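> Features from Swiss-Prot:
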type: BINDING; residues: Gly8, Ala9, Gly10, Asn11, Val12, Gly13, Asp32, Asn94, Val117, Thr118, Asn119; note: NAD(+) binding site
type: BINDING; residues: Arg81, Arg87, Asn119, Arg150; note: substrate binding site
type: ACT_SITE; residues: His174; note: active site, proton acceptor
Amino acid sequence: MAKISVIGAGNVGATTVQRLAELELGEIVMTDIVEGLPQGKALDLIQAGAIKGYDTSIIGTNDYAEIVDSDLVIITAGIARKPGMTREDLIKTNSKIIAEVSRNIAKYAPDSIVINVTNPLDIITYIAMKSTGFETKKVFGMSGVLDSGRFASFIAEELKCSKKDVQAMVIGGHGDLMVPLPQYTTVSGVPLTDLLPGDRIARLVERTVNGGAEIVELLKQGSAFYAPSAAIVSMAEAVIKNSKRILPASAYLEGHYGQEGIYFGVPVKLGASGVEEILELKLDESQYETLRKSSETIRNTISQLEI
């Protein structure tokens with residue numbers, strides 16, 4: 001049976017554990033630095049199993065040693081965005097947290113695959129890779145699945161159709177410079193560009209780019225966690241089941257899309273060994289330009305880090 005460890009027992013981490021438990025993908029360890037928090041949430045989720053009908057083993061702990069021999073580790077630790085705070089504002093605090101988390105992953109689960117969820121996503125994923133010392137394909141970030149889901153949701157709302165029929169694609173940095181791709185977005189196989197005029201698509205793209213901030217402003221405290229946890233679990237399932245799904249993820253680029261040595265949201269094939277392949281899509285010039293701006297922002301931030 002697979003072993004999955006979730007670092008961080010906040011809203012995103014605990015909701016991820018709930019979804020993993022309900023799917024019975026493997027035994028789960030949830031760890032957090034706050035005493036009692038992971039233990040209490042684990043106990044609650046264990047008792048929920050009697051009602052929902054799952055027998056998943058769930059351990060809540062403050063001890064990193066419990067993640068030993070994990071097949072998959074999901075990082076959700078760190079502080080969340082507050083109203084008016086950009087993802088880049090998070091870098092100083094979260095980079096230190098994730099460096100420490102990553103060193104413990106390397107110590108106790110050296111053969112694991114790592115999915116990072118902590119923001120600023122692309123930069124923190126780079127820190128996780130460097131701090132673990134793992135192969136780049138074994139460390140990747142959850143970004144595009146969430147952003148694509150938001151894009152798909154807005155499209156379904158606009159067209160008054162089922163979300164099940166929308167296949168959306170968003171690449172680029174996880175932040176203000178993400179790149180939704182209408183030409184690779186379909187509704188039951190029909191290109192979005194055949195269904196909506198450019199101005200309406202542009203409004204949906206703008207709302208997608210601001211999707212996380214919109215929720216932060218409404219909540220006043222904290223940020224989204226239902227959709228992020230759903231996105232995390234879709235990626236985790238692809239790894240645990242070795243299903244070779246094509247999903248957008250923040251992956252390490254080595255010449256792909258003209259970029260070198262950074263993490264960036266791109267379509268990838270996910271399986272038991274992590275990122276098994278990066279798919280290159282043809283983009284128009286404006287999309288390439290946005291990617292270049294996004295990558296430059298990430299690169300400049302990384303150059304200022306002390307790793």
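Positions of Cβ are set from backbone N, Cα and C atoms, glycine also.
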> Fill in the CA-CA distance, His174 (active site, proton acceptor) to Asn119 (NAD(+) binding site), as an integer in Å.
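So the alpha carbons of His174 (active site, proton acceptor) and Asn119 (NAD(+) binding site) sit roughly 9 Å from each other.
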> In Å, how long is the longest CA to CA span across Gly8, Ala9, Gly10, Asn11, Val12, Gly13, Asp32, Asn94, Val117, Thr118, Asn119, which the record gives as the NAD(+) binders?
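About 17 Å separates the two most distant Cα atoms.
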> Tally every other Cβ atom lying within 10 Å of the Cβ atom of His174 (active site, proton acceptor).
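Total other Cβ atoms inside 10 Å, all chains included: 30.
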> Distance check, please: Cα of Gly8 (NAD(+) binding site) against Cα of Arg150 (substrate binding site), rounded to an integer number of angstrom.
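Counting only the Cα atoms, the answer is 24 Å.
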> Sort out the sequence-distant neighbours of Val117 (NAD(+) binding site) for me: same chain, 6+ apart, CB within less than 8 Å of its CB, listed by position.
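Result: Val12, Ile74, Ile75, Thr76, Gly141, Met142, Pro228, Ile232.
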> Whole-number answer please: how many Å between the C-alpha atoms of Asp32 (NAD(+) binding site) and Arg150 (substrate binding site)?
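Cα to Cα, Asp32 (NAD(+) binding site) and Arg150 (substrate binding site) are separated by 28 Å.
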